[in-house]
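This report refers to the structure that appears directly beneath it.
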Amino acid sequence: MYHLKCIECGAEYSKDEVIYTCRKCDGLLDVIYDYSSIKIDMEKLKTECPSVWKYAKLLPIEREPVTIREGGTPLYKCNRLAEKIGIKELYVKHEGMNPTGSFKDRGMTVGVTKALELGMNTVACASTGNTSAALAIYGAKAGIPVIVLLPAGKVALGKVAQALMHGAKVLSIRGNFDDALALVRTLCSQEKIYLLNSINPYRLEGQKTIGFEIADQLGFKVPDRVVLPVGNAGNITAIWKGFREFKKLGITDLLPKMTGIQAAGSCPIVNAIKSGAPEITPEEKPETVATAIRIGNPVNAKKALAAIRESGGTAESVTDEEILAAQKDLARLEGIGVEPASAASVAGLKKLVDMGVISRDETVVCITTGHLLKDPQTVIDVCEKPTVVDANIEAIRKAIFGKAE
Ligand SMILES: Cc1ncc(COP(=O)(O)O)c(C=O)c1O
Ligand SMILES: N[C@@H](CCOP(=O)(O)O)C(=O)O
């Protein structure tokens with residue numbers, strides 16, 4: 001059994017309501033379970049392969065899920081990257097290996113299923129790209145219409161291609177992501193359209209399974225620290241909830257330090273953590289090459305600040321140059337292809353180790369949130385150009401060895 005509860009005033013709402021924020025104080029909502037009634041079969045948990053629906057007892061869904069087999073993403077031990085950064089034990093949880101190429105699939109399998117459960121037959125979101133790609137695909141699987149609002153000219157090519165091919169109604173807004181989110185919230189409040197951005201607490205329930213999987217893949221042990229990129233700030237909140245729930249149920253006995261990384265041109269959470277402010281000051285004109293996290297007014301800021309503070313973690317910003325260097329390191333040292341926003345986690349880890357904030361002895365998991373092929377244009381822009389050669393062996397030898405013989 002579960003219900004919704006406001007994180008600010010504690011008001012409670014039934015699971016049958018279509019509601020995104022508290023009617024009394026507009027606070028964010030959390031899904032609260034009756035944990036005493038949840039019985040976990042540890043033997044089954046230890047033997048079954050990780051996937052979102054492996055943890056169905058901790059998900060707020062009663063019907064058959066809309067699924068294309070999300071989750072179960074690899075947790076790579078990255079020794080070469082660890083050596084370069086200068087820490088003992090580093091893992092990368094590559095969420096780009098989800099079916100649509102990002103962690104959003106975990107949220108959408110739950111969110112779109114919940115839409116059907118609530119009798120909502122049209123879904124919508126604002127997006128910097130990945131949310132719209134995932135919603136388009138899960139909406140197609142469910143057979144319902146999808147509307148997506150994107151900031152014009154600021155969404156990576158692969159993500160727009162996914163939304164278009166899978167049949168979403170794509171609206172390109174003359175404005176940024178924060179403008180698009182405000183508009184889609186208004187639209188969903190006026191029409192019978194289900195909002196599937198991360199302000200929807202059910203979507204975050206799917207994403208908390210990243211925390212479950214990390215513990216599961218480490219033999220039900222918890223790393224000292226989890227480092228991840230932060231944009232609208234839903235994922236850091238969701239993963240923290242996942243770790244807390246496993247501890248509450250006695251599946252694990254520790255909690256990791258949650259560490260959020262933002263781009264320097266778009267870092268309201270970092271500013272609040274550094275200044276000790278209780279709330280963020282929105283960034284009016286967010287800018288970064290990592291378009292997925294080009295977000296100035298994260299809707300989940302309150303939950304994210306609490307996650308970072310309660311866990312004893314921190315937040316740091318990185319420049320676009322640091323992000324692009326980390327993207328190359330992941331690709332060339334570990335064979336892990338990620339989009340720029342994802343590489344912010346590794347760039348941030350490097351910066352925090354260099355600053356002495358993260359100890360070299362910590363066991364760290366960096367989360368890479370989206371696949372390299374989401375944003376091919378940035379790759380083309382930052383990599384060496386292909387060498388054009390004539391179609392004969394002399395020309396090829398010359399291009400490789402500098403001489404024909
Ligand atoms: C690839 C990628 N990484 C990171 C993020 C940030 O996640 P969140 O908005 O949950 O903080 C997003 C989207 O926001 C994303 O698409
Ligand atoms: N990067 C996100 C931004 C929207 O975040 P959401 O988690 O609130 O949907 C995207 O891919 O659109």
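Cβ atoms here come from the backbone N, Cα and C positions, even for glycine.
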Site co-member for pyridoxal 5'-phosphate according to TrEMBL, given N130, G231, N232, A233, G234, N235, out of T369, T378, T387: T369
Annotated pyridoxal 5'-phosphate contacts N130, G231, N232, A233, G234, N235, T369, maximal Cα-Cα distance (Å, integer): 14
Check: same-chain CB within 8 A of pyridoxal 5'-phosphate site center, minus N130, G231, N232, A233, G234, N235, T369: F103, S198, P229, V230, I236, A292, I293, I295
Cβ-Cβ distance under 8 Å to G231 (pyridoxal 5'-phosphate binding site), same chain, at least six residues away: T128, Q262, S266, A292, I293, R294, I295, P298, A341
Local Cβ density at A233 (pyridoxal 5'-phosphate binding site) - other Cβ atoms counted within 10 Å: 26
The domain 'Tryptophan synthase beta chain-like PALP' (68-370) [mean pLDDT, rounded to integer]: 98
